[in-house]
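First the structure, in the form of structure tokens, and then the observations on it.
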Amino acid sequence: MYENLYSTIFGNDRDSNHTSGAIVACDISPQLVSDSPDTVPEMRVSATERNIRVGYVHSAAHLFECERLPRVRQRCLLVHGLLKGYNLLKSLRTIHPLVASREDLRLFHSTDYINFLESCEAEKDLEKEDIISRAHDYNLVDDCAPTKRLLTLVGHIAGGTLAAARAIMEKTCDIAIHWEGGWHHAHRSEAAGFCYVNDVVLGILELRRTFRRVLYIDLDVHHGDGVEEAFAGTDKVLTVSVHQYEPGFYPGTGAASDVGFGLGRGYSINLPLRSGASDSTFVRVVTTVVDEVRKRYKPDAVVCQCGADGLSGDPLGAWNLTPGAFVQCVRLVQSWGLPLLLLGGGGYVAANAARCWTTITAALLGQDLEEDIPEHHFLMMYGPGYELSLEPGLRRDLNDVAYVDDLLQVVMKQVRQIGTT
């Protein structure tokens, strides 16, 4: 069923070699970000430099199952369609997704919670009084309302991230991408913020089977509260979250003073920004902090959540970002040469999320893209300009120089303490 529908929309992929696992050579400058936040390593395709194997989690069934997520309908299709339209699939190794088992999900989530997700199977189940009543116990209401075949849906979301993590662990890829993942708000026993399960936590736990220290970087406009909460008591995972932080803005956590506890004290790093954040503000804060974190923490692997809801025009964010800001941050992380897992996340204008993640994918491959969106099945979704780039938003950047300087002074003091206690 899925294969026929896939062929109808995307045509036949057999003309490309992405299923056979192409290896792309990228020249990555060894220079890291200097004291200037505008200095970010550039990349270019070069057959003489070291090979970087970039994997992409994909199958027809996985695509259409993840497409069932209620808040981001059409986004998965648009992302894959634009990657294919720009002919990037041929340069990516296909990572065949898993469907996470109940046992996989229970590595983080409670048994009661997973059992309840399993009870939401058929449409008629969702109408049962006991299901409706118990749904509130697990916060499966409003933005996380139950949907049919829920355990299958979350199995695909989590399974894709687990497959990406295992591709890195097995050294079949240096970088693994799962744009359908990145759902960072879910807690152990409840859903939150459109997130039914926390695939990010599950992916990090999987990586920890091989890698002693994992660095998690969260670029979503919303605080990565579920991930921070999961690892706030350990020094084996260091979390960095840059996010909008103002009264009334979801989820309301992530102050700079929230630093973890016990053995994990100092290993939760928060970069709270006000509304109107520009590319320059965002890049300065992120690159300044994460590069120093990398030097002091010395992670063995990195997970980067690239939630695209900080882009200008997103209905659930109030920043002015363009895809270029994400590219600059990801280029820095890639330049470290560490195993890297890239995930999606927020991004509630589907065409803009596709623009952003396609641009990031191309940057990882060292490829330049034409500004005009190529002819493909979803071209009309990119009107009226039909261009890849986005204009920055016009909101006033409330993160003035004094605020950013003060924030960096506080956070960098915390960073300099890493490993000293």
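Cβ from N, Cα, C; glycine included.
Curation plays no part in TrEMBL annotations; they are all automatic predictions.
Per TrEMBL, the features are as follows:
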type	residues	note
ACT_SITE	H185	active site, proton acceptor
BINDING	D143, G193, Y348	substrate binding site
BINDING	D220, H222, D309	divalent metal cation binding site
DOMAIN	72-364	domain 'Histone deacetylase'
Filter the recorded positions D143, H185, Y348 down to those whose C-alpha lies within 10 angstroms of the C-alpha of H222 (divalent metal cation binding site); answer none if the list is empty.
H185
Within the chain of Y348 (substrate binding site), which residues six or more apart in sequence place their C-beta under 8 angstroms from its C-beta?
R71, V72, D309, D314, P315, L316
Taking the Cβ of G193 (substrate binding site) as the reference point, list residues of the same chain whose Cβ is under 8 angstroms away and which are at least six residues distant in sequence.
D143, C144, H185, A186, H222, Y250, P251
What mean pLDDT score does the domain 'Histone deacetylase' (72-364) have in the model?
97
Farthest-apart CA atoms of D143, G193, Y348, residues recorded for substrate, distance in Å
13
Which one of the binding-site residues (D143, D220) has its C-beta surrounded by the most other C-beta atoms within 10 angstroms?
D220
Assigned conformation of D309 (divalent metal cation binding site) - DSSP reduced to three states
coil
